Every structure is written in structure tokens, then in C-alpha cells.
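The active site, proton donor annotation in TrEMBL covers HIS215. The AMP binding site annotation in TrEMBL covers HIS215, ASN216, ALA217, VAL218, HIS219, ASP256, ASP365, GLN416. According to TrEMBL, the feature Zn(2+) 1 binding site maps to HIS219, HIS255, ASP256, ASP365. Look at TrEMBL and you will find ASP256 tagged as Zn(2+) 2 binding site. What TrEMBL lists as domain 'PDEase' is 139-425.
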Amino acid sequence: MEVCYQLPVLPLDRPVPKHVLSRRGAISFSSSSSLFGGPAPRQLSKRRGAISYDSEDQTALYIRMLGDVRVRSQLGFEQERRGSHPYLYVDFRILHSRPESAGPVSARNVRRLLSFQRYLNSSQFLRGIPASDPLSYILDDDYTGQAKLMLEKVGNWNFDIFLFDRLTNGNSLVNLTFHLFNSYGLIELFQLDMVKLRRFLVMIQEDYRSQNPYHNAVHAADVTQAMYCYLQEPKLAQTLTSCDLLLGLLAAATHDLDHPGVNQPFLIKTDHYLAALYKNSSVLENHHWKSAVGLLRESALLSHLPTEDRLSLEERLGSLILATDISRQNDYLSEFRSHLDKEDLCLTNGGHRHFILQMALKCADICNPCRPWKLCQQWSEKVTEEFFHQGDIERKHNLEVTPLCDRQSNSIANIQIASYTELCM
């Protein structure tokens, strides 16, 4: 968090060239912005990677970011699938808060994503008020310290991912996964560029749809933490290779990448292009896998590895993610029971280790009922709300409403019993 305050800042009374404002990562403030009662920033700029409050504004706080420079056209910035990953060091989403009224800033109920003190200082700076005592940042340091303390117990099954997400300003997936890569020594073992790794993780987090109540980046972080718990089991910890660990964490972090918030039958019956692309077979899982491979290649995280090794890692990553397809649940359970009955699982065998990783990822993906009640309850409410949202869409467009997605005839308890009974069959 402290890094951003060491970067050069231009005074607000100094004109900033248009080519600077057009950079991905330029942050522009204006008296017409939502911070001062104007329209929401999303209405003023469609760029996901920049925070711009007025395209005509000539004053700005400028922060150097990774990324290319896109030319401003007469109609604005050209659209792109992914933004410029503004969360590398600090989360500015406090500026996207919607005001309850058009009154003065002090009269609004602003949702705090940065600490109150840091928000207060930034707003005072914008109004030309001298900065207060540096001790005002102690609250932010305290949040950072609490997040670090939580990471020391990341192998605890009672790990509260919701609290960790709040303490990291919504960056739980980035911080958690980076910490696990570092703790396993994977950065040194695979000679990963830390800037590329950080950028890759931010790209992953951004490609999860935050509007999904359940299938979002917090769910991915929760599955990654659960996967780590399984990887720490003594028998696995003694036999898994560094490549197994790398694949296990990558698969957990990307297993639901760019999830649309609806299930496969919905995509099929609406003739969605993804259903046609993957021929109605493991539609979502194939999309998650291909999206993950796309980000790996875009970030060039593994570009230094031999082509053969890189392609092998991508294929094995796909095998893990495809194992999360619920429609193939019985196949994996039958194979697992067969191995247990025959007692022929040998963790020195690479194929058997890979199968165990598949089972571990499947368990991590649906482990919510095994969490402490206060966490389990929150996940139950979130997944139910996502089901109901799909049902609402189906009813709106006169489609047959999926039984578990009908809010008029279902409750959270009924859905939980039905869905998890089906998973265990």
C-alpha cells in the first residue's frame, strides 16, 4: 500500500497533456465526478483499466503503470476485453462509490474500501487542505498487519476468506496466491518474473465477474486456500513435486475463470456461442481452461520455459480444471472408489498423483458445507442468490425455469439439500 505514495504526483493546478491522460493507469479527477456529486464514473468511461472522471479534464494524479498506450479516438477509448490491472499496489475503488445524494461529501454514506483516514486525507488533498499527521495512516498499517497475520494461518481450515478479502481491499485472490507461490518457493524454482506473476494474478482476479454472487474472485481464493490445505496433508506433502504444486495452485485460482453466473444447461438451451464452440460438452470448464491458458500466454509468465514443457503444463492444467465438471462426478467417484478398494494408489506414480490432484480440486470446489457454520451460511446464501438470478432470467425470457433456480418454489435449505445430495451420489 505504501508504494503508491512514493510515486511522483503532479499538482492539481498543473495541466497534464492529453497523451498522458490517455495512458492506461492515468487517474483523472474533476469537480463533475461522482466524488463531488456528479455522474458515476462508469457512465463517463468504459475503460476497465483506468479511473477517469471527466474525459475533458486537464488535471490529474498520474501513476505509472504496466501496460501499453492506447490512442484516444474521437469517440473515446477503444473497447478492450481486459483493463490495465490497476490493483497492482492500491485499490482505488472507493472512488466508484455511488453517492446517496448530491450533497457535500461529508453528508454521504461512502462505502469504505480504503481506510477512513486515508479517504479523508485524499479528499482533503483534493480540496487543497494540508495533509494531517502521518499517524493517520496507522489504521491502514493495522489492516495490512492483520492480513499478514491471517496468512500465517493460511493452512487453517477455519480461514475466513471474507475477512481476508476485506482486509486486502478486495484483492484476496492476488495476495493469497502470491503468498502461496512464495511460501512454496515456486518463484525461485521456476524462475518466475515477479512482475509478470503479479500481473498474471491481477489479470485472473479481474477476469472473475464481481457481479456474480458466488462464482467470483472470492470463491476462487477460497478454493485456492482449501486446495492448499489438501496439499499440506502429510502423505501428499511428502510426494508431490514442485510441478504438481504449481499446477494445483494455478488450477484452483483459475478453475472458474470468467464464469458467466449461469450453468451449462442454460448456455445450451439459449444457443450460447460457448455451447456451440465446445459442442455442449464441459462448456464452462473448457472456457475456464482456455481463458487461463490465454492469460498465461498474454502475461508471458511461462515464456522462458521450453515450448514442450509449457504446452505440457497447459494440458495438465486443463485436465485438472475439466475434472470440476459436475456432470462427470460419478466417473471420478467410481474411479476413486476402485482405487481405494484395490488399495493400488501409489503416489510415486505421476498419473496417480495427478488423479489425486483432480480429486483434491473437486473437493476444494465444493467444500463450503465443511467450513465453520458462519462461513458455510454465507456461501449458501450466495450460491442460492446466483441460482435464483438465473431463474429470474429464464422466467423473464419465457424459458423453462430450472427447478433449483426457482425462487418462488425453493428455499436456501431445500436447494442445499438437493444440490449436495446430487453431488454425493
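Even glycines carry a Cβ here, placed using N, Cα and C.
Where TrEMBL records a feature, it is marked here on the structure.
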residue : record                    : Cβ contacts under 8 Å, 6 or more apart
HIS215  : active site, proton donor : TYR208, ARG209, ASP256, HIS259, GLY261, GLU386
ASN216  : AMP binding site          : TYR208, ARG209, SER210, HIS259
ALA217  : AMP binding site          : GLY170, SER172, LEU173, ILE204, GLN205, TYR208, SER210
VAL218  : AMP binding site          : ILE161, PHE162, ASP165, SER172, LEU173
HIS219  : AMP binding site          : TYR208, ASP256
HIS255  : Zn(2+) 1 binding site     : ALA220, VAL223, HIS288, LEU320, ILE321, THR324, LEU361, ASP365
GLN416  : AMP binding site          : PRO369, SER380, THR384
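The predicted model assigns the domain 'PDEase' (139-425) a mean pLDDT of 93.
Each of HIS215, ALA220, VAL223, ALA252, HIS259, THR324 belongs to the same chain as HIS219, HIS255, ASP256, ASP365, is absent from that list, and has a C-beta within 8 angstroms of the C-beta centroid marking the Zn(2+) 1 site.
With a 10 A radius on its CB, ASP256 (AMP binding site) counts 25 other CB atoms from all the protein chains. Of all Cβ atoms in the shown protein chains, 23 besides its own fall within 10 Å of the Cβ of ASP365 (AMP binding site).
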